[in-house]
Amino acid sequence: MSVDLFDVKGKIALVTGSTHGLGMAMAKGLGLAGATIVVNGNSSQDKIDSAIAEYEKEGIKAVGYKFNVAKEDEVQAAVSKIEAEVGPIDILINNAGIIKRTPLLEMEVADFKEVVDIDLVSPFIVSKHVVKNMVERKAGKVINICSMMSELGRNSVGAYAAAKGGLKMLTQNMATEWAKYNIQVNGIGPGYFATSQTAPIRVDGHPFNDFIINRTPAAKWGDPNDLAGAAIFLSSKASDFVNGHVVYVDGGILATIGKPSNEE
């Protein structure tokens, strides 16, 4: 099998929520493989500029656009501007997302709706405007960042799980409608990863750290760079006949019901 199947050189990839964290890790993977990265964030232009500098330090070609993925007018304007200034978007990764940890009986409706708007509605909005152009070109790759919560429930993350479960089904429906245009739509479902956000609990003796180590067959937290391979695969010709699937990069969590805490 030729490595050319995994070639993304010269491709343009829009990755929402790519100023930090797992979004940046996936975008860096594509960038190091030769793609131009369109960095997106909504907090501040300074944060976008700082992220671009980090990409460029690694030799990655990156440009940045600030827009709110949940506001259709901003998305439509940004997509038009990107295609005019950078070029046709070949790859879209819908990564931007939020989580609110509140038991359902205590959760405000406004908070529930905000999570669903960002985690489920915004991938629809961004995809709608990017894919219209992909349809004309009869080519494109869309990757929706799902979650293990697309498959499993967990206390206090009901809104997030509902949105990510919906995103899995949206991925399948996008694939169903757009496959005839040579557009592949798939998902990536990350497990638990070592990031700055999880650093405070990734210490020996912390109950959640012990739970993750015991619950994951690989017996460790994931490295954000572990997501790059799945992103490159789903962005390249290697996945041209793969449509409507979620690749879980979780160290095996979803493969097992777990083990007793006293079992080696």
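Glycine residues also receive a Cβ, built from the backbone N, Cα and C atoms like all the rest.
As recorded in Swiss-Prot, the features of this protein are as follows:
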- 14-38: NAD(+) binding site (BINDING)
- SER147: substrate binding site (BINDING)
- TYR160: active site, proton acceptor (ACT_SITE)
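A map of Swiss-Prot features onto the structure.
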| residue | record | Cβ within 10 Å |
| --- | --- | --- |
| LEU14 | NAD(+) binding site | 26 |
| SER18 | NAD(+) binding site | 30 |
| LEU22 | NAD(+) binding site | 23 |
| MET26 | NAD(+) binding site | 30 |
| LEU30 | NAD(+) binding site | 26 |
| GLY34 | NAD(+) binding site | 14 |
| VAL38 | NAD(+) binding site | 26 |
| SER147 | substrate binding site | 26 |
| TYR160 | active site, proton acceptor | 24 |
Could you round the CA separation between TYR160 (active site, proton acceptor) and the residue listed as 'substrate binding site' to a whole angstrom and send it over?
9
